[in-house]
Amino acid sequence: MQTKTVTVKLDKHCYDIIIGPGLVAQAVWQIKHSLHKKDLHQTRFALVTDSNVASLHLDTLQAELTKNKIHTVPIIVEAGEQSKSFLTLQIVIDRILAARLERGDCVIAFGGGVIGDLGGFAASIIRRGMNFIQMPTTLLAQIDSSVGGKTGINSRYGKNLIGAFYQPQCVIADTCFLDTLPLREFRAGYAEIVKYGLISQPDFFEWLEKNWQKIFSNGPTRTEAIVRSCQFKADIVARDEHETGERALLNLGHTFGHMLETATAYDSNRLIHGEAVAIGMVLAHQFSAQLNLINPTLIQRVEAHLKAVGLPTQLKDIPGKLPEAETLMTLIAQDKKVSQNNLTFILTRGLGQSFIAKTVSPEAVLAFLEQKLAEIR
């Protein structure tokens, strides 16, 4: 299967997202090309990964690098959202500094979204910025979190509240890694693909409705979905790198979704990010309908598609008890899009007609949350 390349074109930095099977075998060439180096013998690499990816794929990557006489420093953290913390960040930083890696050396984030965010944030602050390469191993990371330069960790006050924009030198998305991805994780990544259609690509959403089963089977349709998703996000990031405008549209479903992740204490047994986004997108459409922005039939269509692939779509699908509406409101108030204490949501006027809604009434949001919680109690 042919390798595809999507280029992220920024004002001060351009980089490639390379997509296709068997890219680990080409990793050395891709890394040399992206770092503009003839050889890598004098460059050391911190391989930041998690316990799950390490057990499945780390030996393969290390063998490829070692074969080319490249020095590596593997750094393995616990798998899961809870590793996006100050404690784990400190561990990663200490390992890199103890190995005396320099600014001209490189951090490779080898894993899913958590590892990309964690490794990228470490690279951004060590020696005021090291070389950084993303090697995403999950669908969600390949089509979303590895693209665009967002890095960071969570706080007890909310998700992704501590971080930096720090673009990688390249993204190497080997689709073979998806063959070992648990179905639950694949579904979670698919939610972010659906998001791209709902934002402003109704034709893409309709294509997903017809082709989702092929995407869940390894083949050219899966690669096409990944490429189209990366291209869509790359185009938005190129126009708005630091999220001062339209890039906020990429947060469709995330205001409610991040609220739910924080409310469940980032417990992956209850909820993972893509699942939270799926529920969040349904909530965003329901809230839009409550504000008389859309016909309720669109909610049914969106929810039906997410359910068809096995994603949760309602609060009742989350195991365990959720906090009261007032507590959930305090979590929403910490959302990154809040400006001058005004709530900002990504809402919709129709299929593929999402927009940034500023100064949303807190009273309307609170009443909506109370209604949704009442439905499950």
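Positions of Cβ are set from backbone N, Cα and C atoms, glycine also.
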Looking at the Zn(2+) binding annotation from Swiss-Prot, with HIS254, HIS273 already listed, which candidate in GLU192, GLU324, GLU326 is the matching residue?
GLU192
Counting across all protein chains present, how many other Cβ atoms fall within 10 Å of the Cβ of GLU192 (Zn(2+) binding site)?
27
Is THR138 (NAD(+) binding site) helix, strand or coil when read with DSSP?
coil
Local backbone state of LYS159 (NAD(+) binding site), from DSSP in three classes:
strand
Counting distance between Cα atoms, which of the binding-site residues GLU192, HIS254, HIS273 is nearest ILE115 (NAD(+) binding site)?
HIS273
